[in-house]
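Step one of this worksheet: look at the structure below.
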Amino acid sequence: MGCASSLPDRNSGTLSGLSNSENAVPADAKNLRVKLVLLGDSGVGKSCIVLRFVRGQFDATSKVTVGASFLSQTIALQDSTTVKFEIWDTAGQERYSALAPLYYRGAGVAVIVYDITSPESFKKAQYWVKELQKHGSPDIVMALVGNKADLHEKREVPTEDGMELAEKNGMFFIETSAKTADNINQLFEEIGKRLPRPAPSS
């Protein structure tokens, strides 16, 4: 289950609302705006990660995302750079897979999420890595996230497997828990640090 029911209807994404703008659009070198898309199997907690990051909330009883949801959040990094994330949370159900390229086209960041208790979701994460390598922007920042780290007693995907997949594909890896908020802010802070910076104007 996702956290989609906690998101207002006005934030639901539609195809007409998609933008193919630049991957990261700076107002200046210290103010960045970037389109971020979350990909992964249904039920891995993509919406819960977004809701925890944007609103500091967690809803274990919510419904799955249908289509896609849109939210935005701005953070300040230690170097005084501000990053505005325009976050597209895509549906994980198989019938929506064909729509995913419409959401990650033009994205500067892709966050691929799997559930550490679900080997099947890890296989799907590998699929999304390949899809992004084929069709994503060449300079896209990619993160691999093993979610539900609080369920360590039910773990079926070793941490080492996630680390290996990320290392092989030039991604960074982190394990999170949307339920406890563990590593959620750290995930987005690390993404912000890895975004390309515009050259200073002369």
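Cβ from N, Cα, C; glycine included.
The GTP binding site annotation in Swiss-Prot covers 40-47, 89-93, 147-150, 177-178 and rests on similarity to another entry. Annotated compositional bias 'Polar residues' per Swiss-Prot: 8-20, in sequence order. According to Swiss-Prot, the N-myristoyl glycine annotation covers Gly2. The S-palmitoyl cysteine feature in Swiss-Prot is assigned to Cys3. The annotation region 'Disordered' is assigned in Swiss-Prot to 1-20. What Swiss-Prot lists as motif 'Effector region' is 62-70, and the listing cites similarity to another entry.
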Around the Cβ of Ala178 (GTP binding site), the count of other Cβ atoms that are within 10 Å: 30
Gly40 (GTP binding site) CB neighbourhood, other CB atoms within 10 A: 26
Neighbouring C-beta atoms (10 Å sphere around the C-beta of Gly43 (GTP binding site)): 17
CB contacts for Thr90 (GTP binding site) [other CB atoms within 10 A, all chains]: 24
Model confidence over the motif 'Effector region' (62-70) (mean pLDDT, whole number): 58
In three-state DSSP terms, the structure that Gly40 (GTP binding site) belongs to: strand
